[in-house]
Each structure stands twice: as structure tokens, then as C-alpha cells.
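According to Swiss-Prot, the protein carries these features:
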BINDING   Gly8, Ile9, Ser10, Gly11, Ser12, Gly13, Lys14, Ser15  ATP binding site
BINDING   Asp57, Ala58, Arg59, Ser60  GTP binding site
Amino acid sequence: MRIVLITGISGSGKSVALNALEDAGYYCVDNLPPHVLPELARHLANEGQNRLAVAIDARSSASLDEMPGLIRALSREHDVRVLFLNASTQSLIQRFSETRRRHPLSGSPSHDADVGLLVSLEEAIERERDLVAPLAEFGHQIDTSNLRANVLRTWVKRFIEQKNDDLVLMFESFGFKRGVPLDADFMFDVRALPNPYYDHELRPLTGLDQPVVAFLDALPVVHQMLGDIESFLIKWLPHFREDNRSYLTVAIGCTGGQHRSVFLAETLAARLSRQANVIVRHRDAPVAVDASSRLVT
């Protein structure tokens, strides 16, 4: 059975991700107590169901300590994938303010003895980060701070499409002016490269468009940087495999996330596609939703 566990910070988009998986044919359960998961998986398998998605958050805090061992045990019998959603505190505060929802850890002592005294929204967010942090190392992280809901749905679908028999290498382009991604394992700053933005004909285009590709591809300094990043990754990928890493996210950043970072992310994804399962995604580039994330074969 394919089991997708969705966890992370409240307000980061777990409901959006769960809905995307439901649309993809998964049997979905929100806020399932972790200790019930093995029994549910057995029951659904006996019923002929082969895809299950479960959202787990800090409301299950009493059982979160069991999750690492539970994930290992389930992985021996099933294809288990963990998706960890995160977002900046500023983004989360804005989302809770807009929806007027209460954070699950900002309760009063009369309703939640484990939480204690009523805390501010920011304190509740930081407390939840501490509670769910151990789960981040088991899964693929997505920083949803600057993502629209339809883009997140596309990224989730790409996540479940990739094979689970090898390391998944994720290249993510972004713009520094919108903040650095929280999900990056490695981050490369390519702002030192010549910027197509200053060519008025190239300014409205992206690193996916042929004129921008031709501009950057003609520059020796661009190929030097590409070669250095590629050599670094090729050297260290075997060590990450030996460490049983399932996912590795490499973020490539330029000023706006539109030209240079997109071109380098695409080029590196193509070059490394024989070294690992590769996904490339573009956080800030003004591209079509389907082009914002894709498998590289």
C-alpha cells in the first residue's frame, strides 16, 4: 500500500495537500491519532484499498513521540512517504488572521491541559515547531510561505508521482527578495551572474524562454558556476544515499527568481537526472502552474 503522511505546521496547507491527494484517488483521513494508523492500514488493505493519505498535526501531540518508530515499522510493509509542510511565522500569522481560525495550541487550560495557559499566536506557532521538528527529517519538506494553493496542489501531485526506490533530488529556483526557502538542504546564490533583467527584451521573460536560455548559455561564467555546483552534488550524493536520505532539496536563488535561478535549476536538473530521481520546481517565476513543478526524466 502507498501511504502518504502529511505533517508540519498548522496553517501551512495540510488541508490543501490532503484535498489534492483525495482528488488523486487516495483514501484520506485528517488528524488521525498516530497509534491508530497501523490498524487502519491493515483494514484498508484487506478491503482492497491501495492508497492512503493521513494528515497529522500537533493536536496529536501526545502521540507524536511515537511517529519516528511508527514510520520505520510501516515502511517495512508499505511504500511510506512523508510530506512535511512549513511556512514562515509571518506567513502563518497572516493566514490565521485572514481566516480568523484559532491555532490548535493556543487553547485555554480548561480545554487543553497539555498546552497550559493561553498563549499568543506566535508562541503557539513556535511551540508547534518544536513538537513536530523530529518528523521533518523523515520526509520531503515544502515551504509554502509564497505558494498559491493551486501551485501547492501541483507540487503535491509531483511528489506522489516520483519513484520511491532512490534518493529524490529537488532543484528549486527562488528570488531572494521574497525570502529564502525554509525547505532547502543546500542553497546557492547566483546573483553574481549577469542579469537578463537589464535587457528590456528579456525582462518580461523567464529562464524557461529560449531568448533567456541563449543569453545565459553563451556566458562562460554561467557554465563555470554550473560546473562547480554539479561537481559538488555528484561528489556528495553517494554520501547522502549512504545516510539513507530520501530527499535532498537544492535551492538556487537570484534576485527575483525569474531568470538566472530558473535557468540554472533547469540545467542542473537535466544534468543530474541520471544520478537520482529529479524534480525541478520554480517558486517565484511567473510561469504556468503545470510548469512550476515537473519530474525530469
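Just so you know, the numbers here start at 1 and follow the chain as drawn.
Quick reminder: no glycine exception, Cβ is built from N, Cα and C everywhere.
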From Ser10, Gly13, Ser15 (binding-site residues), the ones whose CA sits within 10 A of Asp57 (GTP binding site) are Ser10
Whose Cβ, among the binding-site residues Ser10, Ser12, Ser15, has more other Cβ atoms within 10 Å than any of the rest? Ser12
Same-chain residues at least 6 apart in sequence with Cβ under 8 Å of the Cβ of Lys14 (ATP binding site), in sequence order, are Ile6, Thr7, Gly8, Asp30, Ala55, Asp57, Leu85
For Gly13 (ATP binding site), the same-chain residues 6+ apart in sequence with C-beta under 8 angstroms from its C-beta are Leu85, Ala87, Thr144, Leu147, Ala149, Leu152
Return the count of C-beta atoms lying within 10 angstroms of the C-beta of Gly8 (ATP binding site), excluding that atom itself. 29
Excluding its own, the Cβ atoms lying within 10 Å of the Cβ of Asp57 (GTP binding site) add up to 23
Shell of the ATP site beyond Gly8, Ile9, Ser10, Gly11, Ser12, Gly13, Lys14, Ser15, same chain only (C-beta within 8 angstroms of their C-beta centre): Asp57, Leu85, Ala87, Thr144
Other C-beta atoms that fall within 10 angstroms of the C-beta of Gly11 (ATP binding site): 24
Once DSSP output is merged into helix, strand and coil, Gly11 (ATP binding site) belongs to coil
